[in-house]
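Taken verbatim from TrEMBL:
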type: TRANSMEM; residues: 7-27; note: transmembrane segment
type: TRANSMEM; residues: 33-54; note: transmembrane segment
type: TRANSMEM; residues: 66-85; note: transmembrane segment
type: TRANSMEM; residues: 91-113; note: transmembrane segment
type: TRANSMEM; residues: 125-145; note: transmembrane segment
type: TRANSMEM; residues: 151-168; note: transmembrane segment
type: TRANSMEM; residues: 189-211; note: transmembrane segment
type: DOMAIN; residues: 189-369; note: domain 'Major facilitator superfamily (MFS) profile'
type: TRANSMEM; residues: 223-244; note: transmembrane segment
type: TRANSMEM; residues: 251-270; note: transmembrane segment
type: TRANSMEM; residues: 282-302; note: transmembrane segment
type: TRANSMEM; residues: 314-334; note: transmembrane segment
type: TRANSMEM; residues: 346-362; note: transmembrane segment
Amino acid sequence: MRYRLMSIEFFVYGTMAVYSLLSQFLANEELSKSQIGILMSILPITSLYANHLNFEIASTIGRVNWLKKVILFAGILFWGLFLFEEFYLKLIFMSVFAFFFSAVTPLAESVIVDITHQMKMNYGRIRLFGTFGFSFTALLMSGLIRLGFVTIFYVFTALMLLTFWILKPMKEVDLGEEEKRKSKKPLPTFFWLLLPVVIFGIAANNFNFVFLPVLMKERNYDVSLASIALSLMAITETPFLLWADETVKRLGVGFMLASGVFVVGLRNLLVTLTSSPATLLMVQLLQGWTYIVIYYSMMFLIRTFGPARIRAQKYFWVAMGIGPFIGSSVGGVLAENLGLIDSYRILGLVPMIVSLFVFLFLRKYERAS
């Protein structure tokens, strides 16, 4: 089972690496920054309602069963973005595709978290293979994308089919009757206080995720550089994931979140100071203490909720949808009106300042409680 879970993480996050190159494809299609921002914001905004609905469907027909179906639908519908040139048709296909693709990672992680919890596995070590999958696929795409942007769609579909094949023999993972009863317990206040921090940090991080390939195109850097950057960014998460549980236990969830948001801002600010492909890549190495720290700290906290973790995951994934939506849509408007560099500067300074207030507030709250 351990190797099956590792493979699922590898391929699911591999599809995310391929999807992250979509903005580069859209820029090559000569869409405006605001159009790119709109299209890239559809996935996160769809997840606001789709995650809850998909979890409800999954609770009826089974999480593994529904996960298989959304994987197949997403793998097919993604091609609509390549086959149709008109913006409104891309918008339609993106909207339908997003409903299914937005469910893939939350459902997969929900299943994996439950299995690792029940079988007393180290979740961080399993999640590490998601990082490996993202990094390997991004590096692979740096070579394949030279053959044409159509390779984005071929590789995406291939990874989806591989994930489906691995999931096919898996049995459903269900809560017992007593666990279902306990799962309705109120969630801690601390959890609700942390969600806005998650949203803000993920929003600022997502801006770089979406518009880094666009910035590289503006600077006329090599077309493969975006894939190389994404690969390096993913692999920097490895040291943290190797000792993730120990680190979060020692430093606390509040500190980890605040530090993650601070480094997101620092990275965005440093992007404005780069003047070459090499320096831009070096700045992206800070990724190892951004998204993964925010994400894993919350998952660490949620795993302590016992049966209520299923309900907490629903709200967490809604927050994880709001953040990218703000990063893509508001970021697209900022980039269109102020330019990418000024937008990076704003989304660098503001998170750094906010993170300091968050740290002071959470430390005071934790002491009081």
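Cβ coordinates come from backbone N, Cα and C, glycine included.
No curator has checked TrEMBL annotations; they are predicted automatically.
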**OP:** Spell out yes or no: are there three or more C-beta pairs under 8 angstroms between the transmembrane segment (251-270) and the transmembrane segment (33-54), with each pair 6 or more apart in sequence?
**Re:** no
Subject >> Which of 33-54, 151-168, 189-211 contacts the transmembrane segment (346-362) most, counting Cβ pairs under 8 Å >> reply: 189-211
Subject >> Feature contact check the transmembrane segment (282-302) with the transmembrane segment (223-244), CB under 8 Å, 3 or more pairs >> reply: yes
Original post:
When you scan the chain for residues with a C-beta under 8 Å from the transmembrane segment (282-302), skipping those not six or more beyond its ends, what do you find?
Top reply: 109, 113, 123-124, 127, 131, 190-191, 194, 197-198, 201-202, 205, 212, 229, 232-234, 236-241, 244-245, 248, 253, 256-257, 259-261, 263-264, 266-267, 270-271, 274, 309, 312-313, 316, 320
**OP:** Look over the recorded stretches 7-27, 66-85, 91-113, 125-145, 189-211 and say which has the most C-beta pairs under 8 A to the transmembrane segment (151-168).
**Re:** 66-85
**OP:** Among 66-85, 91-113, 189-211, 314-334, point out the range having the most Cβ pairs under 8 angstroms from the transmembrane segment (7-27).
**Re:** 91-113
